[in-house]
Amino acid sequence: MDANEIIVCIAITFCLINMGCSTTDPKDAKILSDFKNGLQNPELLKWPNNGNEYDPCGPPSWPHVFCSNGRVTQIQVANLGLKGTLPQSFNHLTMLYNLGLQKNQFNGTLPTFSGLTELQFAYLNFNEFDTIPSDFFHGLRSLRVLALDDNPLNATNGWSIPDELQDSVQLMNFSCSSCNIVGSLPDFFGKLSSLNSLVLSYNRLSGAIPASFYGSNLQILWLNDQDGDGMTGNIGVIGSMVSLTEVWLHGNSFTGSIPNNIGSLTSLKELNLNGNLLVGIIPPNLAAMALQLLDLNNNMLMGPIPKFRASDVTFSSNSFCRTTPGLQCAPEVNALLDFLRDLNYPSNLASQWSGNDPCTGPWLGLSCNLKGEVLYYKFAEAKA
Ligand SMILES: *[C@@H]1O[C@H](CO)[C@@H](O)[C@H](O)[C@H]1NC(C)=O
Ligand SMILES: *[C@@H]1O[C@H](CO)[C@@H](O)[C@H](O)[C@H]1NC(C)=O
Ligand SMILES: *[C@@H]1O[C@H](CO)[C@@H](O)[C@H](O)[C@H]1NC(C)=O
């Protein structure tokens with residue numbers, strides 16, 4: 001035993017005899033004290049006001065605080081009704097691995113989390129943080145779950161998710177719905193092999209689902225209800241993501257057809273495509289899937305409505321030929337649909353060619369003779 005070890009040994013013995021001694025790392029203690037002082041209603045924490053103010057690790061440790069070797073490893077204050085700001089030096093809690101601040105009224109600027117290398121779980125969702133610093137995600141190399149949903153972050157101009165998040169290679173869940181993200185969906189999300197759940201609903205995303213998502217292991221993909229026109233491009237990549245269980249793409253401007261290999265998503269439970277610009281025929285293998293939810297409303301889907309196996313299915317406001325599932329289209333309608341398929345279903349035609357009789361109703365570009373036979377002579381005009 002060298003002198004230092006003897007001192008440590010004496011200190012520990014002293015602590016065991018006298019429970020009033022301090023075991024908390026002084027920097028960690030200072031940050032917890034600042035955390036408390038930043039609140040308007042600190043009494044809700046039930047943290048002591050007496051002489052061991054600066055000893056959150058105790059023993060006994062303060063309520064909602066967990067420590068290991070005198071370092072703060074967890075703060076769990078979900079849903080306590082706390083109001084106030086976080087100390088800007090919050091990232092000095094370098095041993096923090098699990099943080100639960102969700103469902104309070106924390107406001108002001110989020111401190112940077114830069115350098116919180118042990119942090120695995122961070123729940124900051126359902127608060128009132130209004131600014132996220134650009135280096136927030138730097139060095140979060142242990143991160144598994146990050147929830148930022150429902151914070152008015154950088155509301156005026158919006159913000160983009162910095163590429164530094166791609167260094168969080170163990171990331172499993174990332175959720176940031178209703179948090180003012182603008183621009184395109186970052187490419188790197190498709191390359192994070194551990195990512196299970198990506199929830200980015202109610203933002204201002206635009207552009208396509210990146211090609212990097214081909215074959216990704218995602219189970220949950222929520223990109224629904226983007227403000228403005230929303231996301232664009234086709235959804236073909238979905239057919240390659242065979243682990244998907246929930247796909248919510250509603251409220252965007254996705255185009256093209258439902259991929260024909262959708263049936264290979266054998267774990268899929270929910271598919272919501274409501275309110276896009278999708279065209280084409282419903283793939284037969286989609287009808288055969290035992291989904292819990294299938295929402296196809298408000299698109300420009302054509303052809304027959306199949307008999308669906310899904311338990312909850314809706315498909316109104318499309319361009320189907322019949323209104324009753326299982327009924328086939330008339331032969332001349334099928335011929336016209338084949339023709340449209342070869343043109344990739346131009347949206348001006350796909351939006352109008354509905355029903356089972358091309359000679360009634362406004363089938364743009366079509367004319368019929370007196371015998372009710374379709375004359376094909378105006379397509380050039382309709383395509384223009
Ligand atoms: C946080 O909200 C309180 C009201 O609850 C307000 O007084 C305070 O100015 C806000 N702080 C910031 C930094 O926005
Ligand atoms: C959020 O806004 C602040 C202040 O306007 C800015 O400094 C910061 O870089 C923005 N955050 C991101 C991630 O862009
Ligand atoms: C990860 O996300 C899934 C789906 O959103 C959720 O069920 C699960 O509880 C999350 N895991 C953690 C540890 O937060």
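Count begins at 1; order follows the chain as displayed.
Any Cβ shown, glycine's included, is placed from N, Cα and C.
What TrEMBL says about this one:
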{"type": "SIGNAL", "residues": "1-23", "note": "signal peptide"}
{"type": "DOMAIN", "residues": "26-68", "note": "domain 'Leucine-rich repeat-containing N-terminal plant-type'"}
{"type": "DOMAIN", "residues": "331-369", "note": "domain 'Leucine-rich repeat-containing N-terminal plant-type'"}
Residue counts (helix, strand, coil, in that order) that DSSP gives for the domain 'Leucine-rich repeat-containing N-terminal plant-type' (26-68): 20 helix, 5 strand, 18 coil
Other parts of the chain folded back onto the domain 'Leucine-rich repeat-containing N-terminal plant-type' (26-68), taken as Cβ under 8 Å at six or more residues beyond its ends: 19-20, 74-77, 80-87, 89-90, 92-93, 95, 98
DSSP helix/strand/coil residue counts for the domain 'Leucine-rich repeat-containing N-terminal plant-type' (331-369): 16 helix, 2 strand, 21 coil
The domain 'Leucine-rich repeat-containing N-terminal plant-type' (331-369) [mean pLDDT, rounded to integer]: 84
